[in-house]
Amino acid sequence: MSTKELRERYEAAFMSNYGVPSLALACGEGSRIWDADGNAYLDLIGGIAVSSLGHAHPALVEAIAEQAATLAHTSNLFVNEPEIMLAERLRELLGGDGRVFLANSGTEANECALKVAIKYGKAEGRSYFVATENGFHGRSMGALSLTGKQSIREPFGPFALDVRFVPYGDADALRVAVTEDCAAVFLEPTQGEAGVVPPPEGYFAAARQICTETGALFVADEIQSAIGRTGAWFAHQHECVRPDILTLAKGLGGGMPIGACVAFGRYGDIFAKGDHGSTFGGNPIAAAAALAVLDTIDRDGLLDHVTKVGELLAGGIAATGHPLLAGVRGRGLWLALVLTANEAPAVEAAAREAGFLVNALQPNAVRLAPPLILTSEQAQSFVDALPAILDAAAEAASPQAASPQAASPQAASPQKEN
Ligand SMILES: *Cc1c(COP(=O)(O)O)cnc(C)c1O
């Protein structure tokens, strides 16, 4: 069935919250992916920083198939070994004293963190939360109340929680906002959905110190940044500070739905029996997939690989002199091309035409979050193609300057949000 037919059926069958995506994808292998019409692409978005091992990785296929053929589901009424092995591995990677809750998505990981923080706040007489402007923590009513991005909050307010928003990256604003009445601060180590925006040097360490001094819980939302994305297992490890609670999800399962909330020290003991739960959380197939992801990253030295290929990619992009390109942000294989005009959808479309899947994340920012197994040659192929992609985008954006056949019919495809 063609992309055109699949898009029509999608439009008729689904709610309109995503619009109709421009492509239907059919299959993938490594960092290559094919659409329903048989066109091949280099996948530089990895299902929004999820497909850490690319597509159809043998280790992931084997782990999922073997677990599915053994025991697919237990519920939380029973213990299963894969979930224990995963929790133990996460503890090990994080210094040993963490306690884990397994969920099915990033949003659910944050709901868990929020419930721990609410309970802590009630016990200590702390009544409000602090999060950042333009930050993203999810779409459920709890996670949405922490999400600073106005356009997605506004239609669903007011919210029951008292959340105060501060500009991201401003340690002084954080110092003023966080008092001894604050239950928790929620921070991304680099803002993902806002456009892969890293904070100034030292911001995360300052946030750690502010939380330690006031007794507010420091919650690091690493849902997008964890599991090798930045070249470290966790982005906060670059800063040599540890949060009180950590949430992760996207890259953990390599494509299987899974999220985790890890609370350290005494904060790991805040929940009493019955305080929280999930029927699917700890699902053995998802846990087996996550273990395969962690094992493969370890065995294949992918953290160093991400650092090396990320530097090549970012360096190559930065060296591309083009009037539409202002620069590049981010670290590891988590980058944003920053544009000089609000033409990200045109760049996304031109890249697609040239055989590369990227994501128009903000009007002026294009996200790259490819599989961690992306090769140097594949990264270089994008760098080599970039000038022509930017030319095509610039032409499509101002058709009067373009020759008639150069303008892409898809240039006006809408920006996608997750
Ligand atoms: C994607 C994301 C979420 C939400 O995760 P879902 O799996 O979509 O529920 C929360 N926080 C951050 C930082 C994210 O990038």
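Easy rule for this one: first residue shown is 1, then count along the chain.
Cβ atoms here come from the backbone N, Cα and C positions, even for glycine.
Checking TrEMBL for region 'Disordered' across the ranges 119-138, 399-418 points to 399-418. Sorted by the number of other CB atoms within 10 A, the recorded positions ARG139, LYS250 start with ARG139, the lowest. Each of the binding-site residues THR107, GLN224, SER278, THR279 was ranked by the number of other C-beta atoms within 10 Å, and first place falls to GLN224. Neighbour density for GLU222 (pyridoxal 5'-phosphate binding site): within 10 A of its CB lie 32 other CB atoms from the protein chains shown. Across the fold, the C-alpha of GLN224 (pyridoxal 5'-phosphate binding site) and the C-alpha of SER278 (N(2)-acetyl-L-ornithine binding site) stand 21 Å from each other. Neighbours of GLY106 (pyridoxal 5'-phosphate binding site), defined as other CB atoms within 10 A of its CB across all chains, total 28.
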